[in-house]
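J.: Starting off with a structure, shown below.
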Ligand code: IPD
Ligand code: CA
Ligand code: CA
Ligand code: CA
């Protein structure tokens, strides 16, 4: 295993332990609001601190961007870690056992290493640039669906940005009528990991943040799939509007989204 992936795995497992232990005593968790329908807990912050400490100990000069601590510039800006300590905070707070730790490393702006860890199921998704993607050490690949008929797509609702409801529902309708079914499980990181593992055939969501998608993007690509913005380009890290799937599924989704791209929904 690449030494930097090894550190990412160690950090994700340590954070996962913090989260899993706290999940057993949810009444002790302190919940705050960061904005409309946007929760954060002391456990999100603790888990992020554990990840930062693990990375800093191994690589004191690297830069780190975390959802809760923001940007921590290191002397070496070529190496940037992008972390979401707890993806699926709403599930966590509600006692729904579906959330994950997501850690990615970018080298000179390119995704290089990725880990998504589900501490409840003990599932560890890993990828290294050019080396494929694995689940608990076994190679995974995206589904081989060729059309939307028969597919199950994962998605996320724009619950923090309800002004996008109509645009989102139009897109949803266009796709729902063609697919077998849809899943809204509540963790974008796991949605992308599940695309990589072929458990769902594709994924789309509006308004995500870089830490929601960085590790998942490398997993999907290394599992043989594609990730893009709503116009098929690579603006998704900026816009947060993201589509993922196999080449064929992605092409079909983009075709269905196209009519809704406009003022309220950019690429
Ligand atoms: C959220 C989850 C959710 C998605 C939201 C994200 P968080 O991340 O990934 O599935 O729909 O847009 O913000 O805040 O729980 O880390
Ligand atoms: Ca959050
Ligand atoms: Ca997140
Ligand atoms: Ca989070």
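Even glycines carry a Cβ here, placed using N, Cα and C.
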J.: Please identify which of 191, 201, 212 is recorded by TrEMBL as part of the Mg(2+) site containing 67, 84, 86, 87.
T.: 212
J.: If the Mg(2+) site is taken as the center of the Cβ atoms of 67, 84, 86, 87, 212, which further residues of that chain fall within 8 Å of it by their Cβ?
T.: 44, 83, 85, 88, 89, 100, 102, 188, 189, 209, 211
J.: Tell me, if you would, which residue among 87, 212 (binding-site residues) has the fewest other CB atoms within 10 Å in the structure shown?
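T.: Counting other Cβ atoms within 10 Å of each of the binding-site residues 87, 212, the minimum falls on 212.
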J.: Can you count the other CB atoms that lie within 10 A of the CB of residue 84 (Mg(2+) binding site)?
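T.: 33, counting other Cβ atoms within 10 Å of residue 84 (Mg(2+) binding site).
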J.: What count of other C-beta atoms do you get within 10 angstroms of the C-beta of residue 86 (Mg(2+) binding site), across all chains shown?
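T.: I count 30 other Cβ atoms within 10 Å of it.
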